[in-house]
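Below: one structure, written as structure tokens.
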Amino acid sequence: MDVNPTLLFLKVPAQNAISTTFPYTGDPPYSHGTGTGYTMDTVNRTHQYSEKGRWTTNTETGAPQLNPIDGPLPEDNEPSGYAQTDCVLEVMAFLEESHPGIFENSCIETMEVVQQTRVDKLTQGRQTYDWTLNRNQPAATALANTIEVFRSNGLTANESGRLIDFLKDVMESMNKEEMGITTHFQRKRRVRDNMTKKMITQRTMGKKKQRLNKRSYLIRALTLNTMTKDAERGKLKRRAIATPGMQIRGFVYFVETLARSICEKLEQSGLPVGGNEKKAKLANVVRKMMTNSQDTELSFTITGDNTKWNENQNPRMFLAMITYMTRNQPEWFRNVLSIAPIMFSNKMARLGKGYMFESKSMKLRTQIPAEMLASIDLKYFNDSTRKKIEKIRPLLIEGTASLSPGMMMGMFNMLSTVLGVSILNLGQKRYTKTTYWWDGLQSSDDFALIVNAPNHEGIQAGVDRFYRTCKLLGINMSKKKSYINRTGTFEFTSFFYRYGFVANFSMELPSFGVSGINESADMSIGVTVIKNNMINNDLGPATAQMALQLFIKDYRYTYRCHRGDTQIQTRRSFEIKKLWEQTRSKAGLLVSDGGPNLYNIRNLHIPEVCLKWELMDEDYQGRLCNPLNPFVSHKEIESMNNAVMMPAHGPAKNMEYDAVATTHSWIPKRNRSILNTSQRGVLGDEQMYQRCCNLFEKFFPSSSYRRPVGISSMVEAMVSRARIDARIDFESGRIKKEEFTEIMKICSTIEELRRQK
């Protein structure tokens, strides 16, 4: 039977149908090949927006730099980055006037954080540019490599374990005449195998020492590596994103800590809160504007879009903001915070992998690395690429492009939000000094502007004034992409507001389904997603029940665990049928062992093992949850685990789900193919870290684990902890005198070895 799709909408209010227009079903688009072209686009565009600025040359690296600050006053409609310093300082002053003490208090909070943060803060995050190897690595490995190189070059402040001391080393490293680094490489040799007499390729791993002079080191320290942003829906073209190295990250973290603390105190800021809390905050602003515009005033809302937000922002502006916000603070604190924007003013963008050429006739492929783009003959490229390369050539140094203006995506989300909110703050009547006034919401580059005025002319005048004020701060509201509506209907950060927020359910679609971690986690995550959507996203009981049935079906097909009494034949059905027949209480079998599904929408919060525990045969319980069973995962399981959910919009979210350790919570083994690559050295490092961290956790179980405040190394902390525990155990009679003496002896030996080292 054919269904006319319009029939689906007869009973649905128009605003609820918005979900169906979102491009969120099916797989998102991924990028293939190199991001070099996208990165060149970003660099060229950024320079174009600031082209009337002043050119200077960096004395240390020789990089040409463009400074658009206080440049010509911007033209209408053309995006530009000519922010005016005095205007920025003035909006900051007004922001402080409306929120007395806001900067002062945030600085005090941040200073406390700065003094307590440990270096391991930098291990969070995924791919990071590792300057020692000149490519991306997991954050923990990149940090370890940096610290290792620092220590071998005599920089040891980081040994205290405090982030601020690591940053002292970073500053110190920039003054050094040269830095020695160790790089991993691999040699391939063709040799004849003795047994089979065939030729095989032998790989050997090597490490070689290399010295970087001051200029080369600075270039690497200031480099942001670029990649293509993956899985962006609803866009035709891909775009480049940046990942900074370890030298920059710590400084950025402290600036963002200050900015976050300020954003928390600003009612117009959509960051750092999320979800329902964010919706409540937004609803408050809308309510305020609507109640104040009862009969006499008109109220309109702009769903705003800014043109190329990051590419027109400028690190020099951020420096001015920080200088103002910290003006009464201690010198050391002001210095620490000003380093991030200074580094960004001197940043270099790494152009990625370069271009791949292939000749159809000769079946040849060759890679042109980014380093060669400065000198290669351009006749090999097509027109558009040739133009890009010609434009970027004057900026190239050692395969990286000098990129002084502009910020890269996602680096200073909080700080740029403060800048946006400071303009919204100017909309109060005491500042506009006329009949129109405005307020709104800002979340990084996304904004909604609510303008109230007695008549349409007033609304128009208010919007114009807002638009021009933005221009003075290097913010370019797009007249083409922003639209205005009577207040009550607008969109902000993919929340649709129509007299209240409408659930945009399509955004959650990608997280329904089987995650593919393991049988235990997948079951738990699947039902938690349904539960969360009933709470947060208007998922009604009937739909939830259907979602649950579809999920169970999907789960059974994924893991081939159809019910024991089914006719479906799979690879597992033989074993599952056998288990089914010898089980007395069949309701107690887990779904993944061919049991029935006992979930309904009322008990989604209970882990399946707990739900069925009373129904299980005793020997089944013993096999399923016996810690001596070699198939039960031996990690000490916390009661809560975290899954990373990829919603359709915004960053990956952490989602908590109940974790019960059973034979089904297996952890898949690492793919073997990495063992044959130059990453092998890295794997060794990773395993060593893993062992150290596991050992540390044994000494400080999470129940009693307070971060060691004060300055001690991991070893010192563990030794002192071992002594305390041993004494307590000895005095309470849990261990004998001989054992106690032996423990004390081992502790002394460890300390002695450390001293000799």
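Residue numbers in this text run from 1 along the chain shown.
In case you wondered, yes, glycine gets a Cβ from its N, Cα and C as well.
Positions annotated as region 'Disordered' by Swiss-Prot: 53-82.
According to Swiss-Prot, the compositional bias 'Polar residues' annotation covers 55-64. Taken residue by residue, the compositional bias 'Polar residues' (55-64) breaks down under DSSP into 0 helix, 4 strand, 6 coil.
Panel annotation: around the motif 'Nuclear localization signal' (187-195), residues 201-204, 206 of the same chain, lying at least six beyond its termini, place a Cβ under 8 Å from a Cβ of the stretch. What Swiss-Prot lists as motif 'Nuclear localization signal' is 187-195 (among others), and the listing cites sequence analysis.
Here the motif 'Nuclear localization signal' (203-216) has, by DSSP, the following mix of helix, strand and coil residues: 3 helix, 11 strand, 0 coil. As annotated by Swiss-Prot, motif 'Nuclear localization signal' applies to 203-216 (among others), with the evidence given as sequence analysis.
What Swiss-Prot lists as region 'Promoter-binding site' is 249-256. Under 8 Å from some Cβ of the region 'Promoter-binding site' (249-256) lie the Cβ atoms of residues 110, 113-114, 117, 121-122, 125, 128, 163, 166-167, 170, 318, 322, 336-337, 339-341, 343, 411-415, all in the same chain and six or more residues away from its ends.
Positions annotated as domain 'RdRp catalytic' by Swiss-Prot: 286-483.
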For the region 'Promoter-binding site' (249-256), residues assigned helix / strand / coil by DSSP: 8 helix, 0 strand, 0 coil
Helix, strand and coil counts within the motif 'Nuclear localization signal' (187-195) (DSSP): 0 helix, 6 strand, 3 coil
